[in-house]
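See below for the structure under consideration.
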Amino acid sequence: MKITPVKALTDNYIWMIQHGNHAVCVDPSEPSPVLEFLVRNRLMLAQTWVTHPHPDHEGGAAALWRGYMESPVYGESDIEAATHTVTAGTQFTFGDGQVTVWATPGHTDRHTSYLLETSDGIHVFCGDTLFSAGCGRVFTGTIEQLYDSFQRFNRLPENTLFYPAHEYTAANLRFAAHIEPDNADIQTALKAAAHTPTLPVTLAHERRVNPFLRVDLPHVRDRAEALSGKTLNSSLDTFVALRELKNQYRTK
């Protein structure tokens, strides 16, 4: 199994998963990069997975299905191009891997992550829920949903690999350094982020640099209190405050 990021639009990644001469594409924002990848590598499109109904994630799905009409499009019922509707707990296979659908709302009220389990571990295609060193903005979901989705991710094995759909790592790390200026892991990651792609990332790495996975730490809560001017009584409060601070943050 080989997993490759294909750049699209401004900062999107369409993840291509290869097994033999077949491939899956995840969140095809536009069809042309996928078609070029398939032709260049002499692959047939076997499946398409869509995490949520934003144009930069599902925009190319319908065109790809028209070109490969035997290739199913997986997504929740609000994905217009979906030919195979999924819900939390849906399972199917690709190659020698087992795919399980998780509901990971927050960015949107219905957001799917696809967990691909293979002999070398768990691969999570998480759309706009988790980014390296950050999290998605809240649009039609709620911040409480997003917090719960992060808590669920955090219970996975530490070698789990995450495949977000955007290359936001450098900007997220600058905010993370604003929250934890003495965190050496963040400074090291910032230097490495000059070389893209920075993805995928392990859960172990994210636990060291992602402030939204570090809300249980007293010094993170104290910093969020100082910057927000609010009293934070729980990890959820800290998560909410960090998201609000990130919304307002501008790199100097």
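Cβ coordinates are placed from backbone N, Cα and C, and glycine is handled just like the others.
Some features that Swiss-Prot has for this protein:
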type	residues	note
BINDING	H52, H54, H107, D128	Zn(2+) 1 binding site
BINDING	D56, H57, D128, H166	Zn(2+) 2 binding site
| note | The rounded CA-CA distance in Å from D128 (Zn(2+) 1 binding site) to H166 (Zn(2+) 2 binding site) is 8
| note | A correct count of other C-beta atoms within 10 Å of the C-beta of D56 (Zn(2+) 2 binding site) gives 18
| request: List the same-chain residues at least 6 positions away in sequence whose Cβ sits under 8 Å from the Cβ of H107 (Zn(2+) 1 binding site), in sequence order, or say none. | output: H52, G127, D128, T129, C135, G136, R137, V138, F139, G141, L146
| Applying the rule Cβ within 8 Å of the centroid of the Cβ atoms of D56, H57, D128, H166, what extra residues of the same chain belong around the Zn(2+) 2 site? | N12, D27, S29, T51, H52, H54, G127, A165
| request: Calculate the distance in Å between the alpha carbons (Cα) of H54 (Zn(2+) 1 binding site) and H166 (Zn(2+) 2 binding site), and round it to a whole number. | output: 13
| message | For each of H52, H54, H57, count the other CB atoms within 10 A of its CB; which of these binding-site residues has the top count? | response | H52
| task | For the recorded Zn(2+) 1 site, enumerate neighbouring residues of the same chain (Cβ within 8 Å of the Cβ centroid of H52, H54, H107, D128, site residues themselves excluded), in sequence order. | result | T51, P53, H57, T108, H111, G127, T129, G136, F139, A165
| request: Identify, in sequence order, the residues in the chain of H166 (Zn(2+) 2 binding site) that are 6 or more apart from it along the sequence and have a CB within less than 8 Å of its CB; answer 'none' if there are none. | output: D11, N12, Y13, D128, F131
